[in-house]
Amino acid sequence: MANEIANFIKVSFSVLASTCYCYAVGRIVPKGTARLLCLLPIVGLFLYLPLHLHTIYLSGLTAFFIAWLANFKILLFAFGEGPLSSDPSISLASFVFVACFPIRIQQKPSPRSPRVLIGLELEPPFNEPYLSTSLQDFWGRRWNLIVSSILRPAVYKPTRNLASRVVGRKWALIPAFMGTFLVSGLMHELILFYYVECDQRSPWEVTCFFLLHGVCLLTEIALKKRFGGRWQLPRLVTGPLTIGFVLFTGFQLFLPSLDRCKAFEKAYVELAALMAFLGKESQRLADYLVRIPHYN
């Protein structure tokens, strides 16, 4: 555990230095292809860093926040888009926090929002997903809002704008939604690759889960447009149907990969090891303090 924590500290300093470099690039290089070329090495580094961590907790969190979210924010930043470009006068400290954590710049601070620094607020991860009444409601407004907020500008909007020129605005919704769910599935596969070292994990199961939900979401939208004005199920029916479908497909396609690799058992063992490590270090600290004359 001590070696893992030491590796995590090294990874953290690498991320800090890299985000400082990105901040400097943003001040010197104009947005566009030139800035993208300057930032691509950092994207590659962020994909590589989680490989230095081997516990589910540290490797999983690093993969999620750095290899996924931070990389997408940096790619958007290369073209003057996304949260890192929302405030031209952003400070270095704010840039680092926004790049590495689910934090956004608050343009109009709300007294009810959780604040971490002046001008910043934490992004809410969920919005009562158990109250979802449709897949559109579940994925768009309630579940994993942190990922939704970055996939929307990074994948959905560019894909829809590009598809509108090819197939027209009416049909652009299909490649936009399917592209977004595909990218989400691939990134989940990547995170599983980082923290689940197991040959028994069937590849693409998680991607199939997201593609299935993309197809079902498009079907739901089409049915709403076709029958929404004349026939609509009550919330007491659509709510349980939505949650039931999400749970059923999750148990069939999402969880089996983790279960076969005994990821939950590994997480429990790692948590117990962490508690033992903290207990040991706490005892060492207590013994040290006792030996100090001031405490005698």
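Cβ coordinates are placed from backbone N, Cα and C, and glycine is handled just like the others.
Positions annotated as domain 'Wax synthase' by TrEMBL: 123-211. Per-residue pLDDT, averaged over the domain 'Wax synthase' (123-211), rounds to 91.
Residues annotated as transmembrane segment in TrEMBL: 7-26 (among others). Listed as Cβ neighbours of the transmembrane segment (7-26) (distance under 8 Å, sequence separation of 6 or more from its ends, same chain) are residues 35, 38-39, 42, 45-46, 49-50, 52-53, 58, 62, 66, 70, 74, 77, 84-85, 92, 95-96, 99-100.
Same-chain residues lying 6 or more positions outside the transmembrane segment (32-49) and placing a CB less than 8 Å from one of its CB atoms are 11, 14-15, 18, 21-22, 25-26, 62, 66-67, 70-71, 74-75, 77-79. If you look up TrEMBL, you'll see 32-49 (among others) marked as transmembrane segment.
Proximity of distant same-chain residues to the transmembrane segment (56-76), defined by a Cβ-Cβ separation under 8 Å and at least 6 residues beyond the stretch ends, is recorded for 4, 8, 11, 15, 19, 22, 36, 39, 42-43, 46-47, 49-50, 82-85, 98-102, 146-147, 150-151, 153-154, 187, 190-191, 194-196, 263, 266-267, 270-271, 274. TrEMBL lists 56-76 (among others) with the feature transmembrane segment.
According to TrEMBL, the transmembrane segment annotation covers 171-196 (among others).
Residues of the same chain lying 6 or more positions beyond the ends of the transmembrane segment (202-223) and with a Cβ under 8 Å from any Cβ of it are 134-136, 139, 173-174, 177-178, 180-182, 184-186, 188-189, 192, 245-246, 249-250, 253-254, 256-257, 260. For 202-223 (among others), the entry in TrEMBL reads transmembrane segment.
What TrEMBL records for 235-255 (among others) is transmembrane segment. A Cβ distance under 8 Å defines the sequence-distant neighbours of the transmembrane segment (235-255), meaning residues of its chain 6+ beyond its ends; these are 130-135, 137-138, 205-206, 208-209, 212-213, 216.
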Beyond the flanks of the transmembrane segment (171-196) by at least 6 residues, Cβ under 8 Å:
50-51, 53, 55-56, 59-60, 62-64, 67-68, 147, 151-152, 154-157, 159-161, 163-164, 203-204, 206-211, 213-215, 217-218, 221, 257-258, 261, 263
